[in-house]
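Straight from TrEMBL, the features:
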ACT_SITE  A:C85  active site, nucleophile
ACT_SITE  A:H194  active site
ACT_SITE  A:E196  active site
Amino acid sequence: MRIGVITFPGSLDDRDAQRAVRIAGAEPVALWHGSHDLEGVDALILPGGFSYGDYLRCGAIASLSPIMTEVVDAANAGMPVLGICNGFQMLVEAHLLEGGLIRNDHGSFICRDQVLRVENASTAWTGDFAAGQEITIPLKNGEGGFIASEETLDRLEGEGRVAFRYVDVNPNGSLRDIAGITNDRGNVVGLMPHPEHAVEAGFGPDTAAAMRSGVDGLGFFTSVIRSALVEA
Amino acid sequence: MPTIVVDVMPKPELLDPQGKAVAGALSRTGHGEIAGVRQGKRFELTVEGPVTDEVKAEITKIAEEILSNSVIEDVVNIDFGDES
């Protein structure tokens, strides 16, 4: 399986996302925001960072990039798309996911190992988890507060489209503790925390077993590989 | 060249952490009479040629779809500069 990772001006975690894809057993393909070519990839990752210095609104200018035309078409045709942090903000700005992301309610940038509950384990990116499973992956953002109208929030909850919820601590004021959501088809997933930073023992979050041994993020990438096998 | 001004504000019902931080600084510096601050954005668009109804419609669309995000912000004013 070939998974494209798109680099935008100001992307920071594109290399980490490529590495996570490789560790999970797929082939990462580096894609460029200014191109109109998805190079025949089977899935897409929009990585974290600060595209265009967060000018206008986080992810807003990147969501108007040339390659986003193809990303929107591919997402609407069912291709798995994962937006991490700034990538989540881009998916929201591109209207592939609902709601919006605003500055953290406490006004500060936050960086911590965050416990999440997997609320929907049937998306293209969460199939290897169990519903209700708690995972720990790093979170680092300044504008991660998820907001939407009450009506939209009720609909997201009712349709099972809240993919992840913050556990123990709500780190940024996200409404209803929402950390990530999915579209109705389950192929597009966006979340603020960073699964690509928890894929290799020695470099992940601390666990009860050993320091930096957490690899809970790997499941995102193995999930999408398995979902492609099921479809094939 | 005509300049058109678009003002965008965070939705009133939503938290505005930037405004809140500014209000905190005002209060700390002895401006206790300021009860609140909300921070928005002002865009100045210069247009080549006359501002026709077509241009106005285009700018209104740009303001609503690109300069603002209707989930979190409102376009509170567009000044086409033709009032005077």
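Heads up, the Cβ atoms here are built off N, Cα and C, so glycines get one too.
Separating the Cα atoms of the residue listed as 'active site, nucleophile' and A:H194 (active site) is a whole-number distance of 7 Å. Of the listed active-site residues A:C85, A:H194, A:E196, the Cβ environment within 10 Å is emptiest of other Cβ atoms at A:H194.
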